[in-house]
Amino acid sequence: MRQRSLIAITAALAAGALTLTACGSRDDDGGGSSGDGGTTVVIGVDAPLTGDLSALGLGIKNSVDLATKQANKEKVVDGITFKIEALDDQAQPSSGQQNATKLVANKDVLGAVGPLNSSVAESMQKVFDDAKLVQVSPANTNPALTQGQNWNGGEKARPYKSYFRTATTDAIQGPYAAQYVYNDAKKTKAFVIDDKKTYGAGLAATFSDEYKKLGGKIVGTEHIDPETKDFSAVATKVKNSGADVVYYGGEYPQAGPLSKQIKAAGAKIPLVGGDGIYSADFISLAGASGAGDLATSVGAPVEELPSAKEFVANYKAAGYKDAYEAYGGYSYDSAWAIIQAVKKVVEDNNGELPDDARAKVTEAMQNVSFDGVTGKVSFDEFGDATNKQLTVYSVEGTDWSPVKSGTYEG
Amino acid sequence: MNELPQQLVNGLLLGSMYGLVAIGYTMVYGIVQLINFAHGEIFMIGGFGALTVYLYVLPDGTTMWIALPLMLLGAVIAAVIVAVGAERFAYRPLRGAPRLAPLITAIGLSLALQQAVWAWYPGAKESINFPEIAGGPFEIGSVTIQTGDVFLLAVAPISMAILAYFVMKTRTGRGMQATAQDPDTAKLMGINTDRIIVVAFALGAVFAAVGAVAYGLKYGQVQFRMGFILGLKAFTAAVLGGIGNIYGAMIGGLVLGIAETMATAYIADVPGMSQLGGQSWANVWAFVLLILVLLFRPQGLMGERVADRA
Amino acid sequence: MSGVGPVEPGEGTRAWDIPGPGTPPEPSPEPPRGRLAQTYTRHRRVVLSIAAAAVLLAGGGYLYATRPEQAPPDPPPYPSQVVGITYLGPEPSPDNAPPKSFSIGVELTVQSGPQVTVLRITQPYAGLSLASVPRLPFRTRTGFPHKINITMQVTECAQVPTNAGLPFLDVTLRNMRAIQVHSFILGERYAHDLSEAVQGACSTNSATAPKR
């Protein structure tokens, strides 16, 4: 009798312990099932992993990593294990091109996510296109990358068939900011500053165009040197111009100090920028005086999308050291688009990768469609995202809080 | 409203910072004819030294009146240790080597220091916020001066005066002058030139550290790359003022700072020059100025004859 | 049966609870002291089964609490995430339209989720006023396109941009989740038609009906 009850307890305890450990291991093992043979497909990542913009770059890299782990865990493509190869472009076009060449040389690479900077993308597009290797950028917003140099003159022509992006273009972002600043914020005199880079100058130009059309006055323009942190001379000019708003085309490492120095110079006017300044670091760099600064960013606010919440939770659970930042969701979706394209190609070829996998994946990318972190992901005939949402955020306390959202339905 | 006074003050502040850093270049060059390209990174290390004191040594909420001297001390200690260490382990073994060897070592050291801070200082992959002195800006006529700038305005002339006194009046200072004029003879006269060289590196580091604290207070942030461009500018300032001459370094810094500010502020308004104005062209105008000065005064504004040295 | 142990029981291999022939009978175990222990000896079976049940419950509870989908039913989506508006084209102005006005048609569709109510439609320019048919607010049916006729009147030509590149409509939407003002940027065709209509309405010869 005694033995029997002892056995019962042991059995119960063992069962409990087993289920508990099973729980534990289910979470830990996640990506560990990669050992079970099959083919490895590498997704290249190109982003600035060092330097001023490394926060954004590391967010991109980690998000792509998360996407591949998720794909391996859920066995999205049978028999295929995804890996990433992350290369640092230091936000330099020359490094970007070298990285593109390197990724092309690796036969396992079937797609690449990146880069962050439009100027870097310009140097990579041809290398990838010659190799028919698909490239999906989570962050490039320069319209010319997909619609050709003459996009503004009404002659849209896609220069490279292998280039796609999940980000919205400046052709929408700049004008939307202009509308918001002129009509909603009622600011009629703008001082426009840019950093002369492809992204910044392009954004500032689309803003200025629309702002002038709406009836706003550009009271001054300035191009800053992104290598310096001393903008006092520019700030003094802004103050004396009598502007009631500053538009900055560029990125947060310069925008933060610029905003701070403009306010310190005595011009208590908001600084408005694009997705390049939509980063938590902008708020800390701009300091307390940055309250009320505005940024437009691509996509809807995270709290409005359940898929985004899940991404945020997974990202946290994966324990990455760096935040996912402005482009995390777009990077995840970019990687997921490549994974979906690979899946389609493999399924069409009886479960194996065909010989011309790169060309096939590029082809398949055109018809990819799924519900991603940032909403519905699919691409139009230029390779641009069809989901064109954007949101105006304003600095409140230590956070960006959404002010107004819009959807492009053209 | 006339913005000239404000722009002059902006230039003066920027120039003072260039000058503080330029002293390190000019002193080391004057004594060992080495362009210490790692000096910009020593400046950066100084900034991080001050930050470390503020973040990890002092209790939270220490007022800046107590914190600032201690941060200054931390900055100086960090910068001097790195500078003296660099001299001892990177430059001294190459004392007799061809001139190119220490130059390349300096560039390598510069990259190594940058990357070391990037990799190991917690949070240094991004700009880190630097504490600021509370209190509103001061308005003097049409000129606005930030609280953080007051430190720079006060400290730059004071430290220059101390340096001048040190070099002119003290034994070590005169030893430095002697070593600069002729190291071999100085040695024969019983001057410990190795010690003098160490002192030169350390003094340069002290000034860089002071400059770094001023930088942090002025811009409210430090980052691992802050020394690179500023170092280049300071080197330019040292050459402009006449490399090897400590007064030249300060004057060169001021001229460069004011020139850049004026170029940013006014070139675009000159008829037909709107394409060539603005801050992105300020460097170009600064270097145009440098070339013009060197054309007419190859030794720099305050320099002595360097032809027989270089 | 792999030959472990002797076939015949050897010395000392006898089961311990059968008293050996030579050994004195074991003293019956002393009743343990303490009330708790006594209760335990008396109700050992009950206690043990309760303990086992408790362990199982705890294990099950842990599993339940940490199960992967703790899906409380998803809250309905934000209205702006399910509403699409497409631009149809210019429409003839209604008969009672005021001067300097023109009409356009848009189609609003709620793709999924609960009912959405359209509370307000505005446009951002100070010199334009806007009226719409059907009258607002109106409720929508999910998955069913609703055509809306919008008539705009130019009240002050100076306050309307004649060539805005990215005009939009601000639509206030409400569902169970939230009330939102969302901009619907209707694209190039709308921008073109709008600027043409505004130019028509504001041209010097404003007596003529706006060009269509």
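Residue 1 is the first one shown; counting continues down the chain.
Any Cβ shown, glycine's included, is placed from N, Cα and C.
Database features, via TrEMBL:
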type: TRANSMEM; residues: B:12-35; note: transmembrane segment
type: TRANSMEM; residues: B:42-58; note: transmembrane segment
type: TRANSMEM; residues: B:64-86; note: transmembrane segment
type: TRANSMEM; residues: B:98-121; note: transmembrane segment
type: TRANSMEM; residues: B:150-168; note: transmembrane segment
type: TRANSMEM; residues: B:196-216; note: transmembrane segment
type: TRANSMEM; residues: B:247-268; note: transmembrane segment
type: TRANSMEM; residues: B:280-296; note: transmembrane segment
Top partner of the transmembrane segment (B:64-86) among B:12-35, B:196-216, B:247-268, B:280-296 - counted as Cβ pairs under 8 Å: B:196-216
The transmembrane segment (B:247-268) vs the transmembrane segment (B:280-296): 3 or more CB pairs under 8 Å: yes
The transmembrane segment (B:42-58) and the transmembrane segment (B:196-216) contact flag, 3+ Cβ pairs under 8 angstroms: yes
Residues from the same chain, set at least six apart from the ends of the transmembrane segment (B:98-121), whose C-beta lies under 8 A from its own: 33-38, 40-42, 44-45, 48, 82, 86, 90-91, 224-225, 227-228, 231
The transmembrane segment (B:196-216) and the transmembrane segment (B:12-35) contact flag, 3+ Cβ pairs under 8 angstroms: yes
